[in-house]
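Before we start, here is the structure in question, set down as structure tokens.
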Amino acid sequence: MIEQPAACRIHVEALGPTFEAQAEQWAQRLNLPLQVADGEFALQVGEQGLQLQQLGPDAPGPVRVDFVEGGAAHRRLYGGGSGQMIAKAVGIAQGVRPRVLDATAGLGKDAFVLASLGCEMSLIERQPLIGALLEDGLARAAEDFDVAPIVARMKLLKGNSIEVMRNWEGEPPQVIYLDPMFPHREKTALVKKEMRLFRPLVGDDPDAPALLEAALALATHRVVVKRPRKAPCIEGPKPSHALDGKSSRYDIYPKKALKA
């Protein structure tokens, strides 16, 4: 069953007869109904792939994962390369491209940036609905000539991040990247469409301290936690230092140096 607050009513919807079979497959996989009268969210299947649409008169537009066009393409082409703060945070340097686990993958935007810079990425997304969007986006990107080599470096894992890390099999990641959902209490803050859409489904991350603990136990070289710039550190061990941006920062928990 979908991991979600009970109040959320979600159904799967085909945006045309040609997508009905795919819609039925997603409904079965996610244990969701097809077309209900009073739904709050619709997981829609159409020409542009899988998208999540909040329903109602004031709802924002649909959210989908698109690594080929839009913001992901612009950041890939003009985003600053290895000079980006996230690249510095995970330890990318000349001759150094660490193996990274993004344990809070979401829509995969940060993981895609790191993969485009040459990192081998593992991604964990615990919310099945968001995981479905990410899986669909990766599959469509794999068909694009320019982007296929990048997403080939992105391996999607399903499940609870803490449990996956505690029971990790095989070679451990050198770096683990965490971006847990943080409570936005400022009523005037402009929250991105994705966050407004996902918060009712996912909620905040009260288990962030356990997430950090599991990451520190598994990563061989460092753990990086992305936080709102003025937010407190995650409860537990303190970071050795942080990289500050305009709206967010990266708390760094080093274990040993990354070398070429």
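Cβ from N, Cα, C; glycine included.
From Swiss-Prot, for reference:
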BINDING   GLU125, ARG126, ASP179  S-adenosyl-L-methionine binding site
Per 10 Å Cβ neighbour count, which of the binding-site residues GLU125, ARG126, ASP179 ranks highest?
GLU125
Can you list the residues of the same chain, besides GLU125, ARG126, ASP179, whose Cβ falls within 8 Å of the S-adenosyl-L-methionine site's Cβ centroid?
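Along the chain, the qualifying residues are ASP102, ALA103, THR104, ALA105, GLY106, LEU123, ILE124, GLN127, ILE130, SER161.
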Find the longest CA to CA distance in the recorded S-adenosyl-L-methionine-binding set GLU125, ARG126, ASP179; express it in Å as a whole number.
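Largest Cα to Cα distance for the S-adenosyl-L-methionine-binding set is 13 Å.
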DSSP secondary structure for ARG126 (S-adenosyl-L-methionine binding site), reduced to helix/strand/coil, please.
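ARG126 (S-adenosyl-L-methionine binding site) sits in coil per DSSP, no helix or strand.
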